[in-house]
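Under the heading Mn(2+) 1 binding site, TrEMBL lists F:Glu35, F:His69, F:Glu137, F:His170. What TrEMBL lists as Ca(2+) binding site is F:Asp57, F:Asp61, F:Asn203, F:Ser205, F:Gly207. Residues or ranges marked as Mn(2+) 2 binding site by TrEMBL: F:Glu66. For F:248-296, the entry in TrEMBL reads region 'Disordered'.
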Number of protein chains: 6
Amino acid sequence: MYHHIKKMMYTVNVGTPDVRFGNMLLEQFGGANGELAAAMQYTIQGWNCVDDLARRDLLLDIGTEELSHLEVVGALIRMHLKPMKENREAAEADPLICIAGGGGVDLRNSMGNAWTADYLKITGELDVDLRSNIAAEARAKIVYERLINYTDDPGSIDTLQFLMTREITHMKAFSAALESLEKSPFSIGRLAVTPGIGSEYFNASTGDGNEGETDMHGPWQSSFGLHPVESEMNGGPGLSIGDIKGIAGPEGRGKQDSGVKAATATDVLTVDPKPVPQTDAAQTGKQAFLRETPTK
Amino acid sequence: MYHHIKKMMYTVNVGTPDVRFGNMLLEQFGGANGELAAAMQYTIQGWNCVDDLARRDLLLDIGTEELSHLEVVGALIRMHLKPMKENREAAEADPLICIAGGGGVDLRNSMGNAWTADYLKITGELDVDLRSNIAAEARAKIVYERLINYTDDPGSIDTLQFLMTREITHMKAFSAALESLEKSPFSIGRLAVTPGIGSEYFNASTGDGNEGETDMHGPWQSSFGLHPVESEMNGGPGLSIGDIKGIAGPEGRGKQDSGVKAATATDVLTVDPKPVPQTDAAQTGKQAFLRETPTK
Amino acid sequence: MYHHIKKMMYTVNVGTPDVRFGNMLLEQFGGANGELAAAMQYTIQGWNCVDDLARRDLLLDIGTEELSHLEVVGALIRMHLKPMKENREAAEADPLICIAGGGGVDLRNSMGNAWTADYLKITGELDVDLRSNIAAEARAKIVYERLINYTDDPGSIDTLQFLMTREITHMKAFSAALESLEKSPFSIGRLAVTPGIGSEYFNASTGDGNEGETDMHGPWQSSFGLHPVESEMNGGPGLSIGDIKGIAGPEGRGKQDSGVKAATATDVLTVDPKPVPQTDAAQTGKQAFLRETPTK
Amino acid sequence: MYHHIKKMMYTVNVGTPDVRFGNMLLEQFGGANGELAAAMQYTIQGWNCVDDLARRDLLLDIGTEELSHLEVVGALIRMHLKPMKENREAAEADPLICIAGGGGVDLRNSMGNAWTADYLKITGELDVDLRSNIAAEARAKIVYERLINYTDDPGSIDTLQFLMTREITHMKAFSAALESLEKSPFSIGRLAVTPGIGSEYFNASTGDGNEGETDMHGPWQSSFGLHPVESEMNGGPGLSIGDIKGIAGPEGRGKQDSGVKAATATDVLTVDPKPVPQTDAAQTGKQAFLRETPTK
Amino acid sequence: MYHHIKKMMYTVNVGTPDVRFGNMLLEQFGGANGELAAAMQYTIQGWNCVDDLARRDLLLDIGTEELSHLEVVGALIRMHLKPMKENREAAEADPLICIAGGGGVDLRNSMGNAWTADYLKITGELDVDLRSNIAAEARAKIVYERLINYTDDPGSIDTLQFLMTREITHMKAFSAALESLEKSPFSIGRLAVTPGIGSEYFNASTGDGNEGETDMHGPWQSSFGLHPVESEMNGGPGLSIGDIKGIAGPEGRGKQDSGVKAATATDVLTVDPKPVPQTDAAQTGKQAFLRETPTK
Amino acid sequence: MYHHIKKMMYTVNVGTPDVRFGNMLLEQFGGANGELAAAMQYTIQGWNCVDDLARRDLLLDIGTEELSHLEVVGALIRMHLKPMKENREAAEADPLICIAGGGGVDLRNSMGNAWTADYLKITGELDVDLRSNIAAEARAKIVYERLINYTDDPGSIDTLQFLMTREITHMKAFSAALESLEKSPFSIGRLAVTPGIGSEYFNASTGDGNEGETDMHGPWQSSFGLHPVESEMNGGPGLSIGDIKGIAGPEGRGKQDSGVKAATATDVLTVDPKPVPQTDAAQTGKQAFLRETPTK
């Protein structure tokens with residue numbers, strides 16, 4: 001249940017309204033990385049997260065705060081858009097907002113696109129959702145930074161600095177929640193990947209380019225057990241695709257609170273008496289009863 | 001420049017076509033976390049990443065491989081959808097694909113929504129984009145896992161296992177690329193956040209819920225320098241918003257290859273002789289020449 | 001500023017989950033007339049309504065309650081969708097929700113379309129927005145009624161009855177707010193319509209149809225000063241379009257609270273010393289200083 | 001069946017083309033409240049309204065007239081956009097229209113968004129649809145008013161005044177059609193709402209805000225049988241949700257023409273021999289045979 | 001100006017309603033190749049085609065007929081969807097249509113996607129638009145054919161046969177209009193293409209595939225002056241891109257009626273005294289005064 | 001399987017960046033007729049075209065080349081957008097690209113709309129798809145021509161000339177592929193149209209218009225066996241709709257390579273022993289075993 005307190009989370013002051021800056025700010029109201037997107041992503045993840053009540057609380061704490069941010073950035077935009085009601089040239093900065101919306105804020109981005117739930121990343125797999133949230137906070141931070149760089153108005157800078165700061169706070173909280181699951185870093189879901197081919201970095205872009213680029217090397221080809229493999233198209237052996245023989249086995253699950261585990265579509269399939277073919281030596285010896293015949 | 005070799009990256013075999021499973025598989029062809037989304041996100045990030053040619057190569061290696069995956073998953077879907085051309089009941093599994101598309105694969109998800117670039121997360125800030133890519137690979141992995149759980153066809157499982165495995169390979173490569181930037185973990189962009197308020201975890205969701213949940217505690221309230229703050233609405237002091245006084249200072253940039261730095265919209269604003277007001281004691285002593293008056 | 005209390009506004013109980021009914025219920029979560037649409041429409045209208053603080057309070061009271069309803073209907077859906085995680089046939093009821101979303105609720109309607117702000121009707125003209133809200137509540141009521149007609153589960157019926165009832169409560173409140181403005185019923189905005197042609201009901205659809213219909217008559221052709229006019233295409237005189245000669249004059253404004261007036265884009269144009277051409281006898285005698293040259 | 005007469009409903013004259021005003025005018029061609037939206041909403045409502053042939057005629061009369069308006073506003077826009085074909089600066093006013101569309105009119109709004117049927121409000125419940133139409137006409141009127149306020153061209157003003165006037169004419173006709181149904185004002189559909197909780201105005205937004213607002217009172221809290229109730233979050237008793245016990249009973253239907261009734265999804269469910277539980281004293285004594293077990 | 005005659009262009013009779021077939025039929029009402037798409041594409045092309053009044057008449061003749069078809073296919077769908085109002089299982093065929101729309105027809109396709117103007121192909125270049133229309137009619141024909149193949153109801157087949165037949169009629173009319181322009185077949189717009197590189201068929205897909213395909217040959221590599229060129233990636237010389245040196249010269253315009261020419265964005269740029277560099281020998285000797293400095 | 005070579009297909013040079021021209025160029029990157037749309041349309045058609053391996057090769061040759069073009073036009077745009085990172089006024093040319101995207105290229109058009117698969121025309125009927133491709137190439141050619149007309153930068157003109165030229169090359173190849181099928185020009189699919197009514201050109205738009213237009217005549221009323229028919233609404237006999245009596249018979253199929261035929265949804269229905277009613281004399285004599293009872 002929600003309650004609204006009329007006092008905003010941050011008091012917005014604008015010196016000289018700047019209509020085109022107000023239009024830019026719409027990115028954080030109705031844009032892909034804006035406050036409604038954040039509020040909805042975390043809140044809905046939280047509502048779906050019924051198996052880990054502690055992290056559900058986290059998701060709703062931050063989801064709710066983002067609604068308060070939506071109100072703050074909306075007030076900032078509204079103040080910047082004010083001249084639009086009186087001035088034809090100002091109206092040209094965003095005719096949709098002005099002519100259809102009367103010059104108020106609306107759930108659209110700086111190019112007038114309506115907000116869409118296609119912006120959201122919600123999988124119902126807790127550790128995956130936390131990774132999506134960490135990335136989302138990083139994106140929101142850089143967008144606020146760019147907005148700060150395009151205004152001189154001190155009140156606007158203060159408001160944006162407040163909102164930008166909170167994104168990093170949330171990024172820290174989501175990172176802590178992910179780490180506290182104590183799951184191994186590249187273990188996602190319950191099915192193990194195929195070991196051999198999983199370690200091959202495939203070199204699919206080669207040659208020398210028009211802007212000085214060439215076929216370079218970096219730790220991404222040799223970290224975490226990876227090694228580079230040349231494409232057949234570049235004279236190499238290609239991926240060892242002959243290795244794939246169905247399901248490789250189960251992954252370990254992370255530690256969760258209250259003894260409950262994260263929701264995943266695979267949970268119900270773990271009591272299958274049919275052994276899963278194992279190709280990974282590391283998995284041999286383990287009994288793998290992973291899949292049952294899906295109910296049809 | 002691209003070249004297409006008719007041999008697919010993985011040879012697809014389907015035993016008994018399963019039209020409704022073919023419809024589900026469309027999630028990975030034209031869906032939000034599917035192969036075209038991956039291919040386009042990494043490739044366009046790569047094209048834009050002109051200041052770090054080594055990681056540009058990484059982005060194009062993986063972006064190109066995802067195009068090859070799109071072809072593989074498309075072949076798998078096509079084989080499962082085949083009965084749709086002959087059979088009215090099969091056609092009902094996806095009438096848009098059957099009636100408008102002739103029963104072939106199309107850039108739509110399992111509920112018929114056209115693929116949209118709104119699925120993509122591209123900011124042009126290299127470390128932010130890498131975080132988005134790590135999360136994207138995690139999402140793609142869990143989607144493949146769920147698909148595997150809904151089929152018994154061995155050939156389909158093999159193909160999906162191949163594709164699922166490669167997502168983790170890519171997740172490792174993106175993680176290594178991020179780590180190798182050697183940037184501090186919560187430093188995003190070039191503007192520092194406000195120190196005091198940045199450490200406050202705000203408790204915006206309280207009380208006891210209908211499904212056993214309550215106001216819980218976890219490491220996310222106390223890690224990375226965070227501490228919890230109660231909302232005024234819950235009798236607490238609220239956030240220390242009085243602390244915000246504009247830009248807090250510059251962040252450190254990560255190590256990048258070839259001495260070049262990642263592109264960011266703020267780069268060009270670093271030669272401003274006007275000192276930025278500093279509110280963070282930790283920043284005092286540093287000269288902060290961060291912002292210039294934006295060119296108008 | 002928002003606060004979330006974990007206790008829901010209505011406690012949801014579901015007897016036997018019904019996955020396809022859960023899919024239908026998505027209409028009221030992520031659909032065009034659902035709870036998020038209501039919450040966003042009223043809340044954003046409220047944030048923009050800075051000139052009538054009393055009705056701003058109304059808009060935020062109801063907008064906030066709709067957020068609580070979103071949580072309630074979300075819980076109802078989640079309980080109905082639960083079998084989707086375990087059962088292939090259940091998964092086919094909404095593969096997007098199941099495969100991509102893990103079986104939780106998402107901001108999509110019953111056919112999988114992502115929620116879009118294109119559903120919202122926000123003009124920033126208070127009495128117009130109230131009319132849009134009255135219609136929105138009527139639509140939401142009938143959708144809940146249809147949903148009730150497709151379930152037998154008592155707990156689901158109770159929840160839907162609660163939500164359906166509240167829509168009528170809100171419809172009453174919006175109607176009272178509109179009436180209390182004491183504006184004449186067909187006066188919208190500040191510009192008067194052209195009197196003669198404004199009273200002509202144009203008969204553009206004629207003849208006898210395939211399903212018994214014919215060219216019928218009703219009070220809509222003769223109420224509120226209207227009279228019917230036959231199309232030239234049906235041998236009639238057509239509309240008296242020769243009457244149009246620019247702006248007909250100002251409309252009266254409604255009574256608003258605290259002496260403040262509703263926001264409208266035309267407010268700033270009322271001090272123009274250039275008289276507006278008057279074609280309506282009823283308007284003659286009035287001085288009309290309505291328009292100024294827009295600032296360019 | 002449709003016929004097109006080349007003479008337009010209103011002859012458009014433009015003095016000096018104004019490309020950016022032409023772009024603004026697109027709101028009424030391909031925008032959310034524009035002429036195609038009106039034409040499609042009323043026409044499709046009419047095609048579906050097979051049980052009230054008199055009001056079906058009304059819907060088709062007005063729906064058809066809106067098509068003629070689409071042609072008129074299209075001609076006006078085309079004349080204003082003409083310089084776009086010759087002039088780079090003019091092209092910048094709407095590059096999509098110019099580069100992709102050759103400078104002609106297109107089904108897009110002033111920010112280039114493609115027209116979508118998501119703009120339409122069609123429920124198939126006649127009195128609900130009429131309310132949506134009244135609101136739609138009010139919105140269209142205010143949009144025309146704002147457009148008039150941003151031009152000085154006399155020919156454009158005349159055309160817009162014509163179109164604006166007709167919106168009010170249609171608003172009157174839809175209002176008369178709704179009133180002539182003689183249905184009680186807050187009776188929607190066939191299911192009655194729960195009496196007690198239906199009269200509670202819930203105060204969900206409280207406190208003192210940043211722009212002078214506070215928790216205000218108005219007729220919307222006490223009209224039509226309403227009375228205010230304080231939220232638990234503000235120390236009040238909250239809604240009397242314990243009152244909800246399923247379906248409260250049937251509503252009266254409005255008077256319709258030719259003895260036919262409006263289409264509603266619930267019509268077929270009225271012969272159920274299973275009595276509906278009644279919780280409202282006012283309903284006691286009535287036999288309620290409202291629901292049958294839905295056919296499964 | 002439009003007029004509606006209640007008699008439909010084709011009288012629809014349905015024997016046994018088939019809800020899931022009604023859902024499929026939505027492709028031709030609110031789908032990408034459906035009747036509204038056809039009506040809007042041709043009508044708006046016609047409104048924009050002010051320089052060739054004869055073909056403007058053609059576009060409006062056919063555009064208007066498509067509106068009449070929309071009404072016919074809408075009636076067919078409505079009759080098939082009728083059981084949806086009474087029957088839960090029928091409702092599951094399209095819950096959006098049933099729950100939100102009351103079981104009537106709506107501007108959506110068979111998977112519930114809202115009609116969008118993104119389906120339309122309108123360039124304002126007459127011969128290009130005619131080619132788009134020829135392709136559109138071909139698509140509509142095949143969609144009607146597939147629908148006929150999925151029903152046994154004689155009345156439905158008759159209606160669909162009528163609509164399918166008219167698409168070919170329109171295809172013939174558009175083809176005749178294109179041929180009567182007497183423009184050379186691959187001359188589009190006013191700028192000539194570069195001769196050498198324009199004749200090179202580039203072999204970008206090579207090798208042997210999984211389904212028997214290989215690098216094949218056909219007339220498309222050697223007709224109309226084309227000859228095949230091997231990619232560098234396949235050991236060939238690649239395209240002769242060194243040939244490109246700006247604008248190659250003007251194309252001839254087609255014969256149009258009344259001495260008027262088709263609208264194109266380039267028309268106004270033909271009086272430039274600055275000679276265009278010519279790389280094609282075939283063009284030498286001609287004076288090329290094609291471009292002026294665009295007005296900025 | 002795809003491979004990427006870093007050298008681009010055409011080397012892009014830009015003299016003076018022109019941000020607003022860069023914004024216009026987005027039409028060919030993420031717009032409706034742009035390079036991604038072309039690449040995806042042809043490639044997916046090719047993947048689905050498993051019954052004509054020769055033309056499958058054609059579709060993949062050209063689809064792959066369009067990916068290389070996407071890279072080229074992306075590089076051109078990126079160079080033009082470069083000032084956006086440093087300059088507030090430049091940022092206003094496309095704030096979505098600048099603020100959200102960091103000033104790089106993105107899959108959006110010149111008005112910021114996200115690329116959508118709704119742009120694609122894919123039916124799985126080979127000759128229909130080839131017609132869609134011919135029209136698509138014509139559209140792409142005229143868009144490049146318009147872009148050339150709005151720049152003076154020689155390097156940009158060269159690049160656009162290269163891309164424009166290739167569209168005509170592809171148009172020739174698709175035309176040759178269509179012709180080589182040797183199918184009669186208006187034969188689409190396998191079902192014949194009704195002969196009588198199929199030859200009637202219906203005059204649905206009549207009278208004298210406001211811009212000199214009138215009811216004109218042209219070869220489109222009398223070519224290919226057509227003759228004009230007046231609407232009942234204009235005093236004529238109307239279409240001879242009484243002629244329609246179900247399916248008229250089979251059409252001939254075109255010559256295809258390797259003895260394989262194009263995929264169509266109707267192929268499987270050709271063994272039906274139930275004779276199709278024949279109304280066309282020209283079809284008499286042929287046995288028509290076209291439809292079987294669809295499998296239900």
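Just so you know, glycine gets a Cβ as well, placed from its N, Cα and C.
In the shown protein chains, 16 other C-beta atoms lie within 10 A of the C-beta of F:Gly207 (Ca(2+) binding site). Distances between the Cα of F:Glu137 (Mn(2+) 1 binding site) and those of the binding-site residues F:Asp57, F:Asp61, F:Asn203, F:Ser205 are shortest for F:Asp61. According to its DSSP assignment, F:Ser205 (Ca(2+) binding site) is in a strand. Shown in sequence order, F:Gln28, F:Phe29, F:Glu66, F:Leu67, F:His69, F:Leu70, F:Val73, F:Leu163 are the residues of the chain, 6+ apart in sequence, with a C-beta less than 8 angstroms from the C-beta of F:Glu35 (Mn(2+) 1 binding site). F:Asp57 (Ca(2+) binding site) and F:His170 (Mn(2+) 1 binding site) have their C-alpha atoms 13 Å apart, to the nearest angstrom.
Each of the binding-site residues F:Asn203, F:Ser205 was scored by the number of other CB atoms within 10 A of its CB, and the lowest score belongs to F:Asn203.
In this entry, F:Asp61, F:Ser205 stand out among the binding-site residues F:Glu35, F:Asp61, F:His170, F:Ser205 as having a C-beta under 8 A from a C-beta of chain E. Sequence-distant contacts (6 or more apart, same chain, Cβ under 8 Å) of F:His170 (Mn(2+) 1 binding site) comprise F:Ile62, F:Glu65, F:Asn133, F:Glu137.
Less than 8 angstroms from a Cβ of chain D: among the binding-site residues F:His69, F:Glu137, F:Ser205, that describes F:Ser205.
Counting only same-chain residues six or more apart in sequence, none has a Cβ lying under 8 angstroms from the Cβ of F:Asp61 (Ca(2+) binding site). In three-state terms derived from DSSP, F:Glu35 (Mn(2+) 1 binding site) belongs to a helical segment. Just so you know, the Cβ of the residue listed as 'Mn(2+) 2 binding site' picks up 25 other Cβ atoms within 10 Å once every protein chain is counted.
For F:His69 (Mn(2+) 1 binding site), other Cβ atoms within 10 Å of its Cβ number 26. In the structure as shown, the Cβ atom of F:Glu137 (Mn(2+) 1 binding site) sits within 10 Å of 27 other Cβ atoms.
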